[in-house]
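*Asks:* Have a look at the structure that comes next, please.
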Amino acid sequence: MSQDQQQQQQFNANNLAGNVQNINLNAPAYDPAVQSYIPNTAQAFVPSAQPYIPGQQEQQFGQYGQQQQNYNQGGYNNYNNRGGYSNNRGGYNNSNRGGYSNYNSYNTNSNQGGYSNYNNNYANNSYNNNNNYNNNYNQGYNNYNSQPQGQDQQQETGSGQMSLEDYQKQQKESLNKLNTKPKKVLKLNLNSSTVKAPIVTKKKEEEPVNQESKTEEPAKEEIKNQEPAEAENKVEEESKVEAPTAAKPVSESEFPASTPKTEAKASKEVAAAAAALKKEVSQAKKESNVTNADALVKEQEEQIDASIVNDMFGGKDHMSIIFMGHVDAGKSTMGGNLLFLTGAVDKRTVEKYEREAKDAGRQGWYLSWIMDTNKEERNDGKTIEVGKSYFETDKRRYTILDAPGHKLYISEMIGGASQADVGVLVISSRKGEYEAGFERGGQSREHAILAKTQGVNKLVVVINKMDDPTVNWSKERYEECTTKLAMYLKGVGYQKGDVLFMPVSGYTGAGLKERVSQKDAPWYNGPSLLEYLDSMPLAVRKINDPFMLPISSKMKDLGTVIEGKIESGHVKKGQNLLVMPNKTQVEVTTIYNETEAEADSAFCGEQVRLRLRGIEEEDLSAGYVLSSINHPVKTVTRFEAQIAIVELKSILSTGFSCVMHVHTAIEEVTFTQLLHNLQKGTNRRSKKAPAFAKQGMKIIAVLETTEPVCIESYDDYPQLGRFTLRDQGQTIAIGKVTKLL
């Protein structure tokens with residue numbers, strides 16, 4: 001055979017081998033000129049591949065619809081397309097350069113492409129959203145990140161041909177790798193309730209940084225792996241978590257699991273995400289702390305130290321005392337004499353009143369005219385409105401509240417008692433007058449009950465008119481009066497240590513400022529009235545609590561002026577407050593203290609007058625409450641209360657209506673439900689609701705008012721949570737608010 005024939009035969013053999021190679025799927029032709037695109041090239045190294053071009057990854061998904069259109073034209077099942085539809089290799093027509101005639105053979109050897117490994121990794125690599133695409137792409141798309149091992153190795157051999165021995169060796173190595181235990185893949189399951197992973201929302205500023213890191217990854221791998229034989233297959237897990245209520249994805253992380261380095265990198269990414277989240281939380285806490293700190297500083301600036309208040313008034317605290325008792329018991333006379341003895345009224349003024357009273361035929365009433373400034377009160381000799389006067393001693397500042405004793409003006413007495421700290425119950429020892437005031441229907445008994453109900457827990461019982469010729473400082477008469485009173489006051493609720501009895505003479509002043517002379521009453525060695533009041537302990541003043549002032553009266557004097565006692569907190573000139581229940585915001589323009597002088601501030605326990613801006617006088621009413629804006633007083637129409645029935649001729653049942661007096665407010669109230677009956681002695685609640693209530697019973701009931709009323713729970717603010725019920729001109733029950741409904 002000639003040399004030319006041998007060359008021709010060798011050429012034909014080579015040509016035949018090339019044709020077989022093109023037809024056989026086991027060794028498809030490799031064309032270096034065609035760029036091989038492999039998804040996520042950071043995990044699959046191809047020596048002959050061109051450097052990764054940014055934006056090509058978006059083409060992987062952006063041309064999905066176009067690739068699906070070519071699927072029917074080529075008649076080629078896409079799930080066998082060399083590891084997934086993403087491996088386009090420049091287009092569908094170019095990816096099958098060997099033709100379609102051996103399509104079945106191609107499918108039978110598809111294990112070379114790594115589809116057996118697909119079944120092993122399916123559980124871990126499932127995309128979970130593959131139903132959004134055509135079912136024909138379920139397998140290929142879920143495993144698009146698993147580059148077939150056989151194809152990588154074939155491409156690594158370059159453009160040369162592969163012998164049968166090399167193919168068998170390659171297939172054996174592929175099977176051995178497929179049979180090995182898959183490496184653990186680092187997973188981040190954000191939907192699991194048992195795995196606590198940081199959920200980080202990617203900021204827009206961070207996205208370009210992440211893309212650059214992914215773009216630089218192939219170059220790093222190419223530098224590291226210079227020899228094709230050292231290339232390793234990398235398996236990545238991409239987890240996309242989309243919150244159902246969020247407008248943007250919560251997290252998107254890639255975790256390669258081929259080497260410890262990639263695992264460490266993933267751990268660093270998680271740690272970085274956790275650090276970012278921790279930084280955001282700490283920043284939020286810091287801002288919150290700054291806000292809270294500013295609010296705290298502002299609140300501390302508004303708070304007043306009690307020592308500062310004492311220094312403002314020379315260390316003297318304030319006390320409001322109310323003179324109460326039956327009509328003609330001598331209340332106004334005693335109050336006027338106290339003002340004269342303490343220097344609040346000068347001698348010249350008293351002499352003037354004495355001359356005027358003598359001319360009017362009321363010679364013995366001149367001291368009462370100091371308190372009764374109204375002409376009608378002076379003519380009739382009885383107090384109609386609650387008179388207010390101010391005096392000082394060496395230890396304290398006092399406001400006298402002179403309550404009317406007549407039963408027609410009991411409402412005014414209740415309003416005055418609600419503003420008092422200490423009660424002075426004036427009892428006339430003159431024969432006939434004591435019996436009229438203390439027996440049934442007398443105002444001495446009712447005033448004692450009303451004082452207790454309105455929070456007057458300290459009571460001084462002064463037996464007045466001991467200088468009267470019918471008494472003449474008699475010890476027997478004094479003991480007769482005090483014995484009956486002590487038993488009655490104990491039944492009302494006063495403890496033994498809360499009540500003090502003393503004999504006085506309001507007209508002569510004996511026992512008011514100085515002690516009773518031993519010549520007149522050798523049997524009494526107790527203190528005088530002012531001596532006892534100066535030494536009496538007072539309740540703690542809550543000057544830094546929310547401001548509350550029940551309005552007792554109103555007037556128009558160059559604006560709207562209201563008057564009342566500050567029950568809680570303090571007020572400053574220029575401060576904004578809220579009038580409840582009409583929720584009107586007002587500004588305090590002027591503050592007048594007890595001496596009618598202007599002041600910059602006023603504190604809990606003081607009787608003040610405030611000029612307000614922002615509201616008209618006709619929009620106010622007695623019983624409204626001036627409170628702080630941040631903590632306004634509660635306004636309700638229904639509430640639950642504990643009620644003790646003191647005097648009731650008939651029975652009380654659901655639907656019963658009466659008049660309620662609470663602080664300075666007067667409202668009509670109706671019993672809507674009787675809940676429990678309280679057992680005597682233990683106050684244990686009955687399981688069955690009572691059908692009615694009568695005198696002497698204690699019950700829990702639900703009351704409803706016709707108009708909104710400003711009240712608080714008795715446990716929170718006792719001065720705004722106690723009330724009195726009156727019907728047909730008499731007090732029938734007392735109570736306290738237990739729950740607001």
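Just so it is clear, glycine is given a Cβ too, placed from its N, Cα and C backbone atoms.
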*Asks:* According to Swiss-Prot, which of these ranges is region 'G4': 464-467, 512-515, 516-519, 712-715?
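*Replies:* Region 'G4', as annotated by Swiss-Prot, spans 464-467.
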*Asks:* With the ranges 334-337, 402-405, 562-565, 694-697 to choose from, which does Swiss-Prot describe as region 'G3'?
*Replies:* 402-405
*Asks:* Looking at 351-355, 371-375, 381-385, 476-480, which stretch does Swiss-Prot describe as region 'G2'?
*Replies:* 381-385
*Asks:* Which stretch does Swiss-Prot mark as region 'G1', out of 325-332, 429-436, 725-732?
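*Replies:* Region 'G1', as annotated by Swiss-Prot, spans 325-332.
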*Asks:* Report the same-chain neighbours of T399 (phosphothreonine): residues 6+ apart in sequence with Cβ closer than 8 Å to its Cβ, ordered by sequence.
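*Replies:* Residues satisfying the criterion: H318, M319, S320, I321, K388, S389, Y390, E594, Q607.
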*Asks:* Find the average pLDDT over the region 'Several sort of repeats' (5-135) in the predicted model and report it.
*Replies:* 45
*Asks:* Could you break down the residues of the region 'G3' (402-405) into DSSP helix, strand and coil, giving a count for each?
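*Replies:* Counting residues per DSSP class in the region 'G3' (402-405), I get 0 helix, 1 strand, 3 coil.
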